[in-house]
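If you check Swiss-Prot, you get these features:
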- 1-26: topological domain 'Mitochondrial intermembrane' (TOPO_DOM)
- 27-48: transmembrane segment (TRANSMEM)
- 49-62: topological domain 'Mitochondrial matrix' (TOPO_DOM)
- 63-82: transmembrane segment (TRANSMEM)
- 83-228: topological domain 'Mitochondrial intermembrane' (TOPO_DOM)
- HIS161, CYS196, CYS200, MET207: Cu cation A1 binding site (BINDING)
- CYS196, GLU198, CYS200, HIS204: Cu cation A2 binding site (BINDING)
- GLU198: Mg(2+) binding site (BINDING)
Amino acid sequence: MSTWANLGLQDSASPLMEQLIFFHDHALLILVMITVLVGYLMFMLFFNNYVNRFLLHGQLIEMIWTILPAIILLFIALPSLRLLYLLDEINEPSVTLKSIGHQWYWSYEYSDFNNIEFDSYMIPTNELMTDGFRLLDVDNRVVLPMNSQIRILVTAADVIHSWTVPALGVKVDGTPGRLNQTNFFINRPGLFYGQCSEICGANHSFMPIVIESVPVNYFIKWISSNNS
């Protein structure tokens, strides 16, 4: 989760989020290089004493400033397209989770198992434990197995919501009457926090998401205890 004075992205907990961070750093490096080059050229333009009143065109420089940006755009576009297709790919899931957005809480259904569904509300500040996180903790966490392909189906019951967990690189809009899906792979145990990322009304800020990633054997025990 994000902490105080955190200037970077959250630590990744999935392979796709790791790739997104690499692409962010790659694009940022290119932007810094462009900024330095343009800044240097502007400095040299403003602070030199050379003026040529008869220079009408420069074919070589025009070719350079046409071809060079095209090459730079290719270096950004190709990794971006690769990531776009990777994020859109749905692998054979081990577990399917359905998330339904409401004003202002989430409902969850484990589609592969019988009778496992619950609502997840934010814990109010006056009911929060001393080790809890204000405006982020919920009464019912989503329990998912680590090192397994997870598919999530997202929809909404009233207005548009957005199910977002930054550490997993997941952001899916929940639209009434429509079912959106994506998949992710959690590669370590822990708690991962997210929030609704689509303005959905007065209490939009108060519908957090908490995922508890556990080993597969603990997940099976949790499923068995909730099925009985």
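Each Cβ is built from the backbone N, Cα and C atoms, and glycine gets one as well.
As a summary of secondary structure, the topological domain 'Mitochondrial matrix' (49-62) carries 4 helix, 0 strand, 10 coil according to DSSP. Tertiary neighbourhood of the topological domain 'Mitochondrial intermembrane' (1-26): same-chain residues 76, 79-80, 83, 86-87, 133, 136, 166-170, 184-188, 190-193, 213, selected by CB-CB distance under 8 Å and a gap of 6+ residues from either end.
Excluding the listed site residues CYS196, GLU198, CYS200, HIS204, the same chain places GLY101, TRP104, VAL159, ILE160, HIS161, SER162, SER197, ILE199, GLY201, MET207 with Cβ atoms within 8 Å of the centre of the Cu cation A2 site Cβ atoms.
Sitting within 8 Å of the Cβ centre of HIS161, CYS196, CYS200, MET207, and not among those site residues for Cu cation A1, are the Cβ atoms of GLY101, GLN103, TRP104, TRP106, SER162, GLY174, GLN195, SER197, GLU198, GLY201, HIS204.
Least crowded of the binding-site residues (CYS196, GLU198, CYS200, MET207), judged by neighbouring Cβ atoms within 10 Å of its own Cβ: GLU198.
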